[in-house]
Structure formats: structure tokens, C-alpha cells
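Features as listed in TrEMBL:
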type: REGION; residues: 1-23; note: region 'Disordered'
type: COMPBIAS; residues: 7-23; note: compositional bias 'Basic residues'
type: DOMAIN; residues: 53-108; note: domain 'Antitoxin Xre-like helix-turn-helix'
type: DOMAIN; residues: 131-175; note: domain 'Antitoxin Xre/MbcA/ParS-like toxin-binding'
Amino acid sequence: MPTRPQAAKRAHKPVHAPVRKKATGKVAALHAKRNAKPGPFIAWYQMNFADKIDIIRAGIPARLVGELSSVMNISKEALIDSLGLSRATINRKVLREQPLSPEESERVMGMQALIGQVQAMVDEESAPGFNAAQWLASWLSSPLPALGGATPASFLDTVEGQKYIGNLLDMTRSGTYA
């Protein structure tokens, strides 16, 4: 049995949470990417496929949906609906600070890549002050003849639809389709 002075020493020691080892290497980089804010969008657009796949599989933070909608100057609900995501699921994951599923992450990253694509197009033309996210939000909600009068936003709920919209943006840049 400890003597009184030893017991007193133990009683006054501060209690610390268990120390977690810091992640290093690829794991640390993956955590940093998972916790990254939505920008710069151009980085998402230009990111290599291996990194994109790692991030998608790990899941991005659910809070990025709200941050993305703010940058685009649209409601969170409108963004969730256009990406074909469940409002209840996204809100629950935000409250619990959980990552999105790979499927959900892929759709959100696809939107970020589209913004990055527009920003890359604008950067080529040297247009300082242009807000690619807000321009894209407006363009996505406009009916287009190339889509039979449908809005580009109606194609965002699938990865293939997002690729198609990206191709339309490329055609717009090259003047193939106005």
C-alpha cells in the first residue's frame, strides 16, 4: 500500500487524454486532403486519378457540401438535390462529423472538378476577379439547347452526367457549341 505522500503525489498529477501518434507519409497526406476545404477548385480538377480515388474511397467531410453551396451562392438543399444526395443523410453526417460515402464523395468532388474546369478556362483568358463557382451555379440552372432544353444541373446526379457536362464546358471553350 502506498504511503500517504505517494498517494498525494498521484492525486495531484494532471490527467491527460491518451496521446495519439501523428499520422505520417501517405496516411497524413490522405487525412490532410480529407479535411481540406473545397478550394482551390482547380487543384481538384487537375488532381491525378490515384489521389482522387484515395480521397473518394476514404470519404470527404460531409461539411464540405455546405461550404461548397456557400461558395457557389446557392442553397445547400439545391446542391444536395442536383447531386442526387439525400438531405437527411447529409445533415446527419454533418452533425456527427462523419465522412460521406464513396458514392456521395464522388459526386461532390465531381462538382468541385467542374468549378475547377471553369476556373482553368478563365485563367487561360486572364480574367481576374471572375467567380467560377458562382458562374457555374448560374450556368447549371439555365436550360441549354444542347441538352434538349434541360438544365446541366439535371445531369449532375451521376458521374457520367458530370463528365458529359464537363465535355459541354470544353466544347463551349473551343467554340464547338455555343
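From the backbone N, Cα and C atoms, a Cβ is placed for every residue, glycine too.
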With DSSP as the reference, give the number of residues of the domain 'Antitoxin Xre/MbcA/ParS-like toxin-binding' (131-175) in helix, strand and coil. 32 helix, 0 strand, 13 coil
Determine how many residues of the domain 'Antitoxin Xre-like helix-turn-helix' (53-108) DSSP places in helix, in strand and in coil. 39 helix, 2 strand, 15 coil
